[in-house]
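Some features that TrEMBL has for this protein:
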- 1-216: domain 'GH16' (DOMAIN)
- 1-25: signal peptide (SIGNAL)
- GLU102: active site, nucleophile (ACT_SITE)
- GLU106: active site, nucleophile (ACT_SITE)
- ASN110: N-linked glycosylation site (CARBOHYD)
Amino acid sequence: MASTTMSCCVLLIFIFLTSIMVAFSGDLNNDFEITWGDGRAKIINNGELLTLSLDKASGSGFQSKNEYLFGKIDMQLKLVSGNSAGTVTAYYLSSKGSTWDEIDFEFLGNLSGDPYILHTNVFSQGKGNREQQFYLWFDPTADFHTYSITWNPQRIIFSVDGTPIREFKNSESIGVPFPKNQPMRIYSSLWNADDWATRGGLVKTDWTQAPFTASYRNFNAEACVWSSGASSCASASTSSASSSWLSQELDTTGQDRLTWVQKNYMIYNYCTDTKRFPQGFPPECRTN
Ligand SMILES: *[C@@H]1O[C@H](CO)[C@@H](O)[C@H](O)[C@H]1NC(C)=O
């Protein structure tokens, strides 16, 4: 019985995976919609550029039109420059409901010349508390850089300009739920979080510098698109998908770069925070 069920599922997964869609459109209007901010978020330059802004009255945000179940999702971001202390630019994938899954990039602003913190987290079935934080090896406000999430059934890889900074492996075999059943949308927002973001809330947003602006361009998703209500992916593929991301794992170069980032730029890892977990680390810390 178990093996019949198994082969049925393997077959289904196979059918499902052969209908990968590649979203590669230059026009951000095709893939995203502005969701809040009363005019503070804009898609401009014929859909080439999206900007979010924040002032004292409000931040702003957008979301993807599609929901995705696995994919390699790239976006170029240029963060709020100058004195961005107190501001947070969140860029993440999330599903809905009380047992949601979520894969987060959050950029915590800082005083001019002081480093941003890139904060990452992974939620599965509504449970997060898996923070890792990094400084970057470049100024993320000076130019656009590519932030990628590779999400397949075995792992989630966070990358910056092609350099992996974090890998979250599927640890279901030791009882840790992994995001793999709930389609997720891409969300992004720019908002004020000066109660905690910069030096733990010590540095407040300087509203004389407002409006604050973050920019987005060159979205590229090689991903499985979930079509409304149907339990299979849309096959509106326009190009032959090289779906290597679906089974992607880190090769030696990737491993080396990950080690380099973790050694030189990681400033917080929940898996080494003994104060926080006096009774022992979460189980996935053993496999990750
Ligand atoms: C801001 O700069 C301070 C001082 O260099 C640093 O301790 C902190 O980690 C930086 N980033 C944030 C978001 O607070």
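In case you wondered, yes, glycine gets a Cβ from its N, Cα and C as well.
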Excluding near sequence neighbours, so keeping only residues 6 or more apart in the same chain, what lies with its CB under 8 A of ASN110 (N-linked glycosylation site)?
SER84, ALA85, TYR116, ILE117, THR198, VAL203
Under a threshold of 6 Å between Cβ and any atom of ligand 1, which of the recorded positions GLU102, GLU106, ASN110 are retained?
ASN110
Same-chain residues six or more away whose CB lies under 8 A from the CB of GLU102 (active site, nucleophile)?
TYR92, LEU93, SER94, SER95, ASN121, VAL122, PHE123, GLY128, PRO179, MET184
